[in-house]
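Take a look at what Swiss-Prot says about it:
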- 34-44: motif ''HIGH' region' (MOTIF)
- 35-37, 41-47, 231, 261-262, 269-271: ATP binding site (BINDING)
- 67, 212: L-glutamine binding site (BINDING)
- 268-272: motif ''KMSKS' region' (MOTIF)
- 317-324: region 'Interaction with tRNA' (REGION)
């Protein structure tokens, strides 16, 4: 990592400091355990930065472990994308990649140990009956009629489950804890269920698969994890985490600590809702630049450094809160303002003809790649008597606040000449098709000799040298800050979240590559699209505007 700022402080790091100072632990070992059933999103980035960042700062280790206990929903596609996302964010896992499926034999043995201790039983209630028997937050559950089977019978039935003797949903293994517990998670939770599905790592070896709560704690213990960090929705599950480890023969007992998950305005984080956006074609895929997925943010032009900075700024607490989208946008805007080279592109073009410029001629003007960083060098940009400017940069009449080109008045072309609007041509509908101007030949990158003041500056692209470009103006996917609270979250999709324009860019953009952003001067930050751009068709995505227009609109 390139950031050299001071180490962040939060309650988890305070716990680690105390554990190291007291000698409870001599090293720090964390893990990031995603389920490979979807693409990682910005909320996962917070967990990645926390777990890998802690390991890095304490010279410890962080494992990447795939919680692959549900073969029906998982796929190697997701495994590969998760590995790519973690590496792209700038982190490296310790040793080999782990899979929960690596421990299936040990997990099975621990399940047998619980049966032998009278702490687990095979239940033949249907899934619906199990839910009914579980009770509610205000009413205790009731015991299954199969709860008091003998150890021998449970061992035989569990082996029958393992060898495929039951159909799916006809039997499961449950922990024998307390059906009257005030914590529903402790009311005889399911430890194993039957699934006849091929697993991406183990093939068809198993037809019984352990549940998350049984797998997670044992995997942590087998890997020697010292601090198991989860989001707050797993707070009650900590009781089951500890119960399992307290009741099996295992030398290590990690501790689980919970922190608040990331909630971000104008988007959803639910994997189910994100999947619905993809499968119902509201977006183009998991890497759609409007999605909060890491792959979507990357394609939109977000940098790994900006996401790490965002995660650092929001911090780690136990308080649930919702972060303004402007906070994320501010991080990428600051990053690109500092590091992105400048270029000129016209998004809504209108032709401008300089009538007194030598006909058919052109020249090169020198432009800095960054106004404040001379080390980024400069480039030569062609200029000619016919250029494209943005339609919004010209008005036939305007008040004094309008600092662009107005009929009969002057404006400066960026790093070029002062021009004056003389007349226009319009089509049959009254739309301006061409603006005719004159230029002051003695004003190339300098003020007029007679001392007259020209306040406005607009950007431009030489028509004879322009590259046709497609510009995808991405915006927030939803029109309200909390779409998840809507009765139908799909009903509040922002219909203007993608606007496609055909414009022109300066010739230097021919060398653009995906993942490297530009500031299109006076327009915003853009990057070449990794999916649609080709050598013959340049497609640029808007990463973020030059300023927060949503805040202005809400005032």
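Just so it is clear, glycine is given a Cβ too, placed from its N, Cα and C backbone atoms.
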Using DSSP, what's the helix, strand and coil tally for the motif ''KMSKS' region' (268-272)?
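The counts are 2 helix, 0 strand, 3 coil.
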For residue 46 (ATP binding site), what is the secondary structure by DSSP, using just helix, strand and coil?
helix
Can you tell me how far the Cα of residue 42 (ATP binding site) sits from the Cα of residue 212 (L-glutamine binding site), in Å?
22
Restricting to the region 'Interaction with tRNA' (317-324), what is the model's mean pLDDT?
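So the average pLDDT across the region 'Interaction with tRNA' (317-324) works out to 92.
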Return only the integer: C-alpha distance in Å from residue 35 (ATP binding site) to residue 67 (L-glutamine binding site).
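About 5 Å separate the Cα atoms of these two residues.
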Measuring Cα to Cα, tell me the gap between residue 262 (ATP binding site) and residue 67 (L-glutamine binding site) in whole angstrom.
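Taking the Cα atoms only, residue 262 (ATP binding site) lies 20 Å from residue 67 (L-glutamine binding site).
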Return only the integer: C-alpha distance in Å from residue 67 (L-glutamine binding site) to residue 37 (ATP binding site).
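So the Cα of residue 37 (ATP binding site) lies 10 Å away from that of residue 67 (L-glutamine binding site).
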Give me the Cα-Cα distance between residue 44 (ATP binding site) and residue 212 (L-glutamine binding site), rounded to a whole Å.
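A Cα-Cα distance of 18 Å.
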Please report the distance from the Cα of residue 46 (ATP binding site) to the Cα of residue 212 (L-glutamine binding site), rounded to the nearest angstrom.
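Computed Cα spacing between residue 46 (ATP binding site) and residue 212 (L-glutamine binding site) is 21 Å.
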DSSP three-state call for residue 231 (ATP binding site): helix, strand or coil?
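Its secondary structure by DSSP: strand.
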Counting every protein chain present, what is the number of Cβ atoms, excluding its own, within 10 Å of the Cβ of residue 44 (ATP binding site)?
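Its Cβ shell of radius 10 Å holds 23 other Cβ atoms.
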For residue 262 (ATP binding site), which DSSP three-state class applies?
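Where residue 262 (ATP binding site) sits, the three-state DSSP reduction gives coil.
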How does the region 'Interaction with tRNA' (317-324) divide up by DSSP, counting helix, then strand, then coil residues?
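Taking the region 'Interaction with tRNA' (317-324) as a whole: 0 helix, 2 strand, 6 coil.
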Distance between residue 37 (ATP binding site) and residue 212 (L-glutamine binding site) at the Cα atoms, whole Å?
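The separation of the Cα atoms works out to 14 Å.
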Distance between residue 231 (ATP binding site) and residue 212 (L-glutamine binding site) at the Cα atoms, whole Å?
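Per the Cα atoms, residue 231 (ATP binding site) and residue 212 (L-glutamine binding site) stand 14 Å apart.
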